[in-house]
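Features as listed in TrEMBL:
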| type | residues | note |
| --- | --- | --- |
| COMPBIAS | 194-206 | compositional bias 'Low complexity' |
| COMPBIAS | 234-245 | compositional bias 'Polar residues' |
| DOMAIN | 16-158 | domain 'Vta1/callose synthase N-terminal' |
| DOMAIN | 266-303 | domain 'Vta1 C-terminal' |
| REGION | 176-247 | region 'Disordered' |
């Protein structure tokens, strides 16, 4: 992929999108689709923050040039031309980034790769908002990933051992966010351990994803896809397939014929298509369970009009 023109210095008003732009740069070669949508999110958010002052207008103009160049380079890529495919691609990538970090956390392996993956996952979930409102599940993943990145970073910085797994965060203690301004503020102090240090993702070396190995479908909820992030820097050691438990299939689905009085809305067709895309993505990584469950959901929706 041809190199993109350099952006001018980031105006102070756009501080909240600096890490989304950095993530875009890190993915220009690893996954250009992710890079494109990170810039699109930054563009949309920047327009909401300040599109009038000269320095901001100049920055947004150059960012728009990058977006147009990327779109031209990606050509007929379905993840760019079809929103439903693009949304699924981004959700897949963010989920797998999250699951890698979560697996490392639960195993008690605390390191910069894992912290960066948690934080990057939260940024990518921000980016998913270019397609509309986030699901409740994505909101929870974003909050948890951002909190975990801060918590583990502060523990390691203070020479303390983090507690593995989902501990210490309270559902009522929401991280302050300003969606309209695109703010991605982090909690200044996680519940434990007490610390005045603040997590700064800039301290993590750019592109430090070496050694990441993501098992297909691990922890993945039944309604989410599975796709391992592509690209350089990911260890190529083969992952040995493990026995998978295939979910029980409703026998009624084998003989189900669409009822004549079932009227499907455009939203129903869109949801069914999304389930099929998720299933196809899961099969690319041999996640049979997720594929079967999504196909069953699509079939039930198309034949009954209900989920």
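Quick reminder: no glycine exception, Cβ is built from N, Cα and C everywhere.
Note that the coordinates shown come from a computational prediction; the quantities given were computed from them, not determined experimentally.
The average per-residue pLDDT of the prediction over the domain 'Vta1/callose synthase N-terminal' (16-158) is 94, rounded to a whole number. Residue counts for the domain 'Vta1/callose synthase N-terminal' (16-158) under DSSP, split into helix (H, G, I), strand (E, B) and coil, are 120 helix, 0 strand, 23 coil.
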